[in-house]
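Chemist: Before I ask anything, here is the structure I am working with.
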Amino acid sequence: MLYLGVIGYPIKHSVSPAMHNAALQHEGIEGIYLAFEVKPDRLRDAVFGAKALGFRGLNVTIPFKESVVEFVELEGEAAKIKTVNTIDLVEMVGYNTDVYGVKAALSGTELGGKTALVVGAGGAGKAAALALLDMGSTVIVANRTEEKGREAVEMLRRYGECIFWPLSRVEELKGKVDVVVNATPLGMRGFKAEIPVPPSMLDGVELVFDTVYNPMETPLIREAKKRGCKVVYGIEMLVHQGAKAFEIWTGIEPDVGVMREAALRALRF
């Protein structure tokens, strides 16, 4: 029996169990994927408790993607941005499949030479920024707290052209960016139903990508559509990062279509 799970706080919004359980069933693997709400002061207990119980792997979501790095060895992109969203509990290795998820979600868009604004400098923000740098974009990271934003940029600038911009002055970038990415929880079910930038900033922007997937139609996505921007839904990043995590745990490339359909079904309820 294969035991997998996701830890976060809050976690009720997660559709990862529906998505991964559908993949397990489709591949004929006897296993189960469960969601666990973990209080911030119990992270270590949760990780090592899952290992002790024989879990093969965990996904890690808000607010643990950065704090969990102290418990695992870092591999690939996780080592570059000190952010983990997938753990192999047998080897105690942390991976970042969010970077892969962002690249797959944005694969239909030519991003070389574009200027992208990433709002948020946490785990999702650093993953989105690294993906965009790898795809040839210049990246501006805007964050509410300057120290955290500058720390992220210091980490990212060795992989491409990346600068910090205070979120309080983000309106000054109007007309200067081609892509806007929300990598904050704003708009997520259970968080404030707001958008991370002034609506007028979206005028003339080519592409808007919201990493939030629940609800699918976030306030930012709705505003971007109204203003004629191409939009990419967070569900695409979710599905592709999940597929890569599944492959790490099982050695099998799952059917992305099966995972997407299961995630969409779960979002409707």
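Cβ from N, Cα, C; glycine included.
As annotated by Swiss-Prot, active site, proton acceptor applies to LYS65, with the evidence given as sequence analysis. What Swiss-Prot lists as shikimate binding site is SER14, VAL15, SER16, THR61, ASN85, ASP98, TYR213, and the listing cites sequence analysis. Here Swiss-Prot flags GLY120, ALA121, GLY122, GLY123, ALA124, ASN143, ARG144, THR145, GLU146, GLU147, LYS148, THR211, GLY234 as NADP(+) binding site, drawing on sequence analysis.
I'm curious about the neighbourhood of these features; can you describe it?
Modeler: Long-range Cβ proximity for LYS65 (active site, proton acceptor), meaning a same-chain Cβ under 8 A and a gap of 6 or more residues, is found for THR83, VAL84, ASN85, GLY122, GLY123, ALA124.
Annotation for THR61 (shikimate binding site): same-chain Cβ neighbours under 8 Å, separated by at least 6 residues, are VAL6, ILE7, GLY8, ILE11, SER14, ASN85.
There are 18 other CB atoms within 10 A of the CB of GLY122 (NADP(+) binding site), with all protein chains counted.
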Chemist: Among the binding-site residues VAL15, SER16, ASP98, TYR213, report those whose Cα falls within 10 Å of that of GLY234 (NADP(+) binding site); none is a fine answer.
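Modeler: Within 10 Å Cα-Cα: TYR213.
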Chemist: Compare all C-alpha positions of SER14, VAL15, SER16, THR61, ASN85, ASP98, TYR213, the record's shikimate binders, and send over the largest distance in angstrom.
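Modeler: Across SER14, VAL15, SER16, THR61, ASN85, ASP98, TYR213, the widest Cα separation comes out at 16 Å.
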Chemist: Counting Cβ atoms within 10 Å across all protein chains shown, which of the binding-site residues VAL15, ALA124 comes out on top?
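Modeler: Checking each of VAL15, ALA124, the winner is ALA124.
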Chemist: Work through the binding-site residues one by one (ARG144, LYS148) and point out the residue whose CB has the fewest other CB atoms within 10 angstroms.
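Modeler: Selected from the binding-site residues ARG144, LYS148 on minimum Cβ neighbours within 10 Å: ARG144.
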